[in-house]
Amino acid sequence: MTLPIVYNWVIIILRTCFTMIALSYLPVWLTLDYVSDLMYMIDMIITLHTGYLDQGILVKDLIQLRKRYLRSKHFLWDLASILPFDFLYFAFGIQTPLVRINRLLRIPRLNEALDRMETRTSYPNTFRIAKLMIYIFVLIHWNTCLYFALSSSLGFGSDPWVYPNITNTEFGSMRRQYFYCFWFSAQILTTVGDIPQPEREEEFLFMIADLLIAVLVFASIVGNVGNVITSLRDRDNVFFPNHELVKAYLRSHHISKELRERINNWYQHLYINKKIMRENEILQQLPLHMRTEIAVSVHLRTLSKVTIFQNCDRSLLEELVLKLTPQVFSPGEYVCRKGDVGHEMYIIKEGKLAVVADDGVTEFAVLSDGNFFGEISILNIKGNKSGNRRTANIRSNGYSDLFSLSKEDLTDVLSEFPAAKRHLEEKGRQILTKMGMLEESGEKEEGEGEKVETKIQRLESNLEVLQTKLARLMMELESSNRKMQARVAQLELEVSELETQLSEDDGERDRTLGRGQGVGREAEWEREEAEGEEEEEEEGSYMKGEKQGHGDDSNDITKEGDGESTKSTKEDAEKVVEGDKCRPKNPDNQGDKSEDDGEKIQGDDRPGKGDGAEIEPENGKEAKSGKRESEEGKRRKRIRERKLKGRRNERKTKKK
């Protein structure tokens, strides 16, 4: 869609303003017009069959695709851009291509195409510059056409600002007309060069609009070019170490000239040969599986050449290739020296390295592409006579590209592949046995170490099981504790509701009991008066008989009678109180209470009670009845206190 859209944006305005060009090549323009219309329709058909992603799944169902496209805004724009306004040629004439102005509505499709091309190209910065130049060209082209049309309306050659008179053969050709107008517009929009001074109002307005557009054009050019330069610089900083900072550091610390020259040569070698030293940082933004695939495609063949890694699982090799670090060594530089502690192994990607003697002159062997060394030192095999020490001097003859694999990275990877770890250690022992560098005691110690390691692993697994069980028990205990707390809270709420209800019931019983006691006391007072009169008569006759029959012994008998009477009266009062406590508080029992009170009064009819006694007056009976009422109130209060105390004890017991 790039070509038909750009064609319409360039040719429609050109044919509208330059009528000579439009009429001279009319068959060509009409053919290209309808070819572009055909491509517009083909694009709509293709878009109708283009799938889309729904929740990450590509939808290919034609019915859903058609429904989605026909209901979208893109369909409305596409339909408006293909409407056949060409029939207006019959009204305005074939020389008016402006009727096809609706073809310019496909510009969003052009932007989509350019964005897709920018993401797919291998040179995005170059593409951005080219896209910017196309935009500027189209803008200057439109300004060229408008300038020529304005000159035609004002009159060619009417003043120095407009296009010269076309009757002049020098300015009458079509190419001269277009190129002159394009040059004039480029001078205005780029603010470069001298242009004639405008004289008319139309000319001033046109210049004002062009100068405002020129400011935006200049700003866009500067901004885009600046972004391109910045991205190129950032790319160099990511791909290669920052040489300027290193040189500043070397100058500030007065490093020797020889060492500085070696460092500069090393940087120059990296930059000229495009040696990338920061692969992990460059690919850091990609997902892990993509980084793995890239590393496998780049380094897996090299890693497979190492003897100890042959016949290993592919998953192990995929983990290891992510750990490989590229290194570049300069001519004459030692990769490792004899006796050094080995922390990594090396795989030669490119270059030649020599195994030299301690004097640095004698060469025992030359290592080239695909060779490796230092693999035994990173396996940490027990019984190795040399330990983890280097056994040879390795020197680079020229610039050598190597991959290094550190001991820590290999240990981390092998911790997830125990079978591969045993396989690699067995291969390492075989190599050491052939070299005569393996001690037998080391094998025994290694077997014992394996047994101890197995025991430790078993203990760790048992500890994990126990920890899991303990965590489960703690969770169950916490759950039961929450349930008990909820139950206790519910019981406390029920007890508080029962206490409130019982206090209300006690108040109602007290009021009912007070009304029943008022009626019973009146009947009791009447019985007491009648019984009191009979007792006085009997006591009087009894006292007379005692005085006549016994004489002087009457005082002793009276005293004894008084004591017994007093004692029996107290005992009867206590029995009455206990009987009232056991009796339920019921208005129906008020009559029984009155009878008991009456029996109590009758039970006091014993010898000695009437000695010297007289009939009580009416005021004394009222005082006696008031005293009895106060005793009843105290008795009820004590009963309520005992009940409340019992309820409190029950609540404490339930809480415990």
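From the backbone N, Cα and C atoms, a Cβ is placed for every residue, glycine too.
The transmembrane segment annotation in TrEMBL covers 6-26 (among others).
Note on the transmembrane segment (79-99): residues 11-12, 15-16, 19, 22-23, 26, 29, 33, 37, 40-41, 44, 105-106 of its chain, located 6 or more positions outside it, place their CB under 8 angstroms from a CB of the stretch. According to TrEMBL, the transmembrane segment annotation covers 79-99 (among others).
Sequence-distant neighbours of the transmembrane segment (132-157) (same chain, 6+ residues past either end, Cβ-Cβ under 8 Å): 6, 9-10, 13-14, 16-18, 163-166, 168, 177-178, 181-182, 184-186, 188-189, 200, 202-203, 206, 210, 213, 217, 220-221, 224-225. Annotated transmembrane segment per TrEMBL: 132-157 (among others), in sequence order.
Taken from TrEMBL, the feature transmembrane segment applies to 204-223 (among others).
Sequence annotations record features per position, and here TrEMBL assigns domain 'Cyclic nucleotide-binding' to 308-422.
Residues or ranges marked as region 'Disordered' in TrEMBL: 499-656.
What TrEMBL records for 525-540 is compositional bias 'Acidic residues'.
The compositional bias 'Basic and acidic residues' annotation in TrEMBL covers 544-634.
Per TrEMBL, the feature compositional bias 'Basic residues' maps to 635-656.
For the transmembrane segment (204-223), same-chain residues at least 6 beyond its ends with a Cβ under 8 Å from one of its own Cβ atoms are 132, 135-136, 139, 143, 146-147, 150, 185, 188-191, 198. Confidence across the domain 'Cyclic nucleotide-binding' (308-422), taken as the mean pLDDT and rounded to a whole number, stands at 83.
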